[in-house]
Amino acid sequence: MPRMFGTDGVRGLANRDLTAQLALDLGDAAVRVLGDDGGRETNRHRALIGRDTRVSGDFLSHALAAGMSAGGFDVIDAGIIPTPGVAFLTSVLNVEMGAVISASHNPMPDNGIKFFARGGFKLPDTKEDEIEAVLGQDWERPTGAGVGRVSHDTTTATNLYIDHLVSAIAPEGNEQPLKGLKVVADCANGATSVVAPEALRRAGADVIVINASPDGYNINKNAGSTHPESMQAMVRASGADLGVAFDGDADRCLAADAEGNMVNGDQIMGILARAKKREGKLNHDTLVVTVMSNLGLKLALKEMGIDTVQTNVGDRYVLEEMLRGDYSLGGEQSGHVINREFATTGDGTLTALTLCNEVVKSGKSLKELAADFPQLPQQLINVPNVDKMAAKTNKAVLEAVAREEELLGDTGRVLLRPSGTEPLVRVMAEAATQEQADEVTARLAQIVADELAL
């Protein structure tokens, strides 16, 4: 039986896969697993809930809070707030757990629930397995004064988070480091529709806001980091210095330069890593990336005296490696960037602020900064209906990969990744030219299809 928890919590079609009953049961199970006595100033257990702008978030947040409060937790409902805002508040308010109701960049009908432990860190697999193990089980729940209360305080929670974000680039509290910078902010009609524009304005930027009118149904719809075209067009039309685009729960950010050219997560990480090294804040002069990061980033950073450490795909694995090796910066090509100086998870709004700050500090345009991190030409082919697990053991496939890697040398690479949810293998190649990347990928994809066919 597959795990209920995926790589980023529990997700599914709201009211079909993810029902009110399941949300209640998850809240009930989570209090049993995550409740502790450490760090509490009173004898009450506390949890915090936040959500994105999906209409289904209403009933799911009520159900989740019901499960938690029935289990004896006082619940603070922070309302609509970015996922990293919940992580921050879980830490700063010293509550025992935080929970986010969001399906991130997925379409509106989907939703999800994920948890943060005390301190604002995502749960390890072992804790998720414990929650799943007790899900729906009966237990001796509290009665009388032992049951929890639910309070609603969106304004205080949001302002605490915005203050924290701005302080990352304006530590004195009254500076306006982004004064004179014109920025387009595409909020994906999602959780940062209030937070990102306000944080950028407080930092002094001239902000043009688009896709920040959530109605419960338009989250991620032709907007945000998965559909940045409207942001790119607005940058060109308005003469802005740059644009930033977030996803539905604002844990990721992509950017565009003044000409509307996209700047991806790899380039953003490169820019921020170099800035941190200059300031003496890049621990061990190392950036943590995933296997999907472009080889061009690694080669450019090497020239700058910056090493890279590679993990599997997923910001949770990036964070695990950052904690293990005491690294200060890491992330993914998709725009998840974790800046451990200020956050315990990927934070799109923080990424936007620090990127804008580096544009101002450097005196260079975003186009100039991004040009220092050229991306090698890349090709990706999904090969369906194959035995995906055999991709790592099949002799013919492994020999073919070795041949291609030898041909590419130091200016290219090959990656075979089994899908986590489908019977397919992703075949990716990077090379000095697009033609070479296309040819390598085509040859390998054919061998994978022939050798691993179901």
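All positions are counted from 1 along the displayed chain.
In case you wondered, yes, glycine gets a Cβ from its N, Cα and C as well.
Swiss-Prot lists Asp247, Asp249, Asp251 as binding Mg(2+), and of Ser91, Ser104, Ser419 the one it places in that same site is Ser104.
Separation of the C-alpha atoms of Asp247 (Mg(2+) binding site) and Ser104 (active site, phosphoserine intermediate): 6 Å, rounded to the nearest whole number. Note on Ser104 (active site, phosphoserine intermediate): other Cβ atoms within 10 Å of its Cβ, all shown chains, come to 27. Of the recorded residues, Ser104 (active site, phosphoserine intermediate) and Asp249 (Mg(2+) binding site) place their C-alpha atoms 5 Å from one another. Residues near Asp251 (Mg(2+) binding site) in space but far in sequence (CB under 8 A, at least 6 apart, same chain), listed by position: Pro82, Thr83, Pro84, Ser104, Asp315, His336, Thr345, Gly346, Asp347, Gly348. Highest Cβ count within 10 Å among the binding-site residues Asp247, Asp249: Asp249.
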